[in-house]
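To start, the structure under review is shown below, and the notes come after it.
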Amino acid sequence: MMPFCHNIINISCVKNNWSNDVRASLYSLMVLIILTTLVGNLIVIVSISHFKQLHTPTNWLIHSMATVDFLLGCLVMPYSMVRSAEHCWYFGEVFCKIHTSTDIMLSSASIFHLSFISIDRYYAVCDPLRYKAKMNILVICVMIFISWSVPAVFAFGMIFLELNFKGAEEIYYKHVHCRGGCSVFFSKISGVLTFMTSFYIPGSIMLCVYYRIYLIAKEQARLISDANQKLQIGLEMKNGISQSKERKAVKTLGIVMGVFLICWCPFFICTVMDPFLHYIIPPTLNDVLIWFGYLNSTFNPMVYAFFYPWFRKALKMMLFGKIFQKDSSRCKLFLELSS
């Protein structure tokens, strides 16, 4: 007999019949992903909050993005873990809507942050003289506000007003909806709208901005190499270090963006294509793609650990308890060049 999620069989979702060993393996893997996500992003949050040297416009955007990733690991992933391993939802229909809305909101907020970080890097690298004037604290606050508010309004509005299956109500209630389930369902219109809002438009902005940065950085490198070394050797040494630092930051943020696109691209492509293919994508594959997307929030702190020396030094100070020492917040995590 098939296992069911609800005691009223004719309206219940079907529970998976995986063995206990398979379930235990899945739970172990997903718990590892969740813990890695929480610990990694918490280190980023604490580092930027604690050390005054890290209180820069770019780092506040990174801090906000790490908060998004931390909340995804804290509020979304644990419930998704149970749903994925059991193929059942035990937390009620209202909380299903809250969970789905929060999931869409935080996933969308990540790429919004990355878009604004790319714009910040554009001015830092391509217009450094006016960077501090253009990317002041007010501008950063507006960017952070938009990164949180727009995804929140979009996600909660769409799910609680049930706009996500508008135009496909018959398919949803006849073939998808059942007691004990919490699947993410999109109609043709809502699928395209989600793809455009959460992925394509902000992702395209990022790609265009980083390509522009690449062209300008390449041109700057050519001009420096053509300059008279005897007359400008001192200037080159100072600017070379500064530009090397900026190029490294751009490279790091570019990798962060690339990881996001690689992780979320399969899910968003399936989201926009599935309604046009008459919903042929099985729920298990959809779960796999969702978790593959979640991995983006796990990988971001790892990118910082590999490419940012300040992250490694901050981590070392935390592990040895040095952040509890007096004036540890004023510790120099990296060398600052005087102007």
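Just so it is clear, glycine is given a Cβ too, placed from its N, Cα and C backbone atoms.
Per Swiss-Prot, the disulphide partner of Cys182 among Cys74, Cys88, Cys96, Cys270 is Cys96.
Residues Asn17, Asn296 are shown; Swiss-Prot lists N-linked glycosylation site for one of them, Asn17. Topology note: Lys134 and Pro275 are separated by the membrane (different topological domain names in Swiss-Prot). The Cβ of Asn10 (N-linked glycosylation site) has 8 neighbouring Cβ atoms from other residues within 10 Å, across all protein chains displayed.
The stretches the transmembrane segment (25-49) and the transmembrane segment (287-307) are in mutual contact, each linked to the other by at least three Cβ pairs under 8 Å (pairs 6 or more apart in sequence). Below 8 angstroms of C-beta separation, residues 87, 168, 171, 175-176, 183-184, 186-188, 191, 267 of the same chain, each at least six residues beyond the ends of the topological domain 'Extracellular' (274-286), sit close to that stretch. Around Asn17 (N-linked glycosylation site), a 10 Å sphere centred on its CB holds 10 further CB atoms from the protein chains shown.
Below 8 angstroms of C-beta separation, residues 4-6, 8, 11-13, 15, 83, 87-91, 93, 96, 99-100, 103-104, 194, 271, 274-276, 279, 283, 286, 290 of the same chain, each at least six residues beyond the ends of the topological domain 'Extracellular' (162-188), sit close to that stretch. Between the transmembrane segment (189-211) and the transmembrane segment (60-81), fewer than three CB pairs separated by 6 or more residues in sequence fall under 8 Å, so the two stretches do not touch.
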